[in-house]
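Scroll down for the structure; my scribbles are underneath it.
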Amino acid sequence: MASLEELPLLPVFDGVKLAALATVLYVIVRSLHLKSSPAPPHVTYQDTPLNRFLFKSCQILTQEYIPPLLWGKSGHIQTVLYGKMGRVATPKPCGVRTFLPMEDGATMTFDIFEALGDHSTQDDITMVICPGIGNHSEKQYIRTFVDHSQRKGYRCAVLNHLGALPDIELTSPRMFTYGCTWEFAAMVSHIKREFPQTLMAVVGFSLGGNIVCKFLGERHSNQERVLCCVSVCQGYSVLRAQETFLQWDQGRRLYNFLLASKMKKIILAHRDTLFGTKSSRLDDADLNRLRAATSLMQIDDTIMRKFHDYHSLKEYYETESCVQYMHNISVPLLLVNAVDDPLVHPSLLAIPRTLADKKANVLFVLTQHGGHLGFFEGAVLLPKPLTWIDKLIVSYTDTLCQWGRQPVHPVNF
């Protein structure tokens, strides 16, 4: 039995516990954005016949995106789950790997996955896919998207970034960079030769989005036989993006460190080829600076820009960014980002928004949630195997195939 001296302390102690519990619940609700209601994506576009057809037929553009209730409204959790888990119940599509020699002695690889059935319009369409930084066809989010596309009647071709596959050695002292389009161009040329009847839907994830948009904008001939282009979660300007990566806002400095660690691991796995050979532009001093680097900018300045003889980091970033090429793209272009993407600063989203305001062929789709390449869907806790972005890309491409088979429609957008 409590003494008389102890009794007055009990209400105070209970009050402290209650206040602590309320504080924890408040932090959870705020950090997980539990009060945020599901909403359709915000779309910036011009009123054209094609866009009206898209909104009528591609219904996912007007439907609510519903992430898992307990964690799906946190961009950080979506991003971390994508990075660590990739996808849920990931399929294992079977493909054929192609090796192509490049003029500088490099050997690029890509994988082709044939369609698992006929397309709904009977068209021959190839999804030409460029993954994110340091990624390849064996990544779970790529495998999930490939499997979904195959089942919808699409052939898929996936670029393996130069140096990204752990079991493929480099054959020249060069690896992938932010905006080098040489390997992607070689894959596209091969597809055009091997499949002369196919049209291509060009798809880029994160860094891959920068590469595909830059590739299409570099030469008008690169857009021949391209049905459309989809870019997901890219930052558009490498220079401006890297500046924001030094900020602690939304933990970008931490993500910068983690991505830098990933890049260091990839580079060091090929150090015998990249450093100290007669044709290499790198030496032991660069290797020591690489080991000490803690940010992508340090690695880019020490290593990456030297693969293409850029004189400065600024020149490297400006030249390798797609922002100065995107206005040259005339095929239908879908640009997708999420507001809560912790890797892409909100200021960068003015680039696709302005482009969609000015060009009739561009749709800029912005979701409130989804993080960086997450876009998981679900009810309360468990995510579904197929993500919102997988379904959007295929639905958008399906709709463009249907548009091409309309009996009468304007040539312009």
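Quick reminder: no glycine exception, Cβ is built from N, Cα and C everywhere.
Record features (TrEMBL):
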type: ACT_SITE; residues: S206; note: active site, charge relay system
type: ACT_SITE; residues: D341; note: active site, charge relay system
type: ACT_SITE; residues: H372; note: active site, charge relay system
type: DOMAIN; residues: 126-379; note: domain 'AB hydrolase-1'
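A separation of roughly 8 Å, to the nearest angstrom, links the Cα atoms of S206 (active site, charge relay system) and H372 (active site, charge relay system). Cα-Cα distance from D341 (active site, charge relay system) to H372 (active site, charge relay system): 5 Å (rounded to the nearest whole number).
Its Cβ taken as reference, D341 (active site, charge relay system) is surrounded by 26 other Cβ atoms within 10 Å in the chains shown.
When pLDDT values are averaged over the domain 'AB hydrolase-1' (126-379), the model yields 96.
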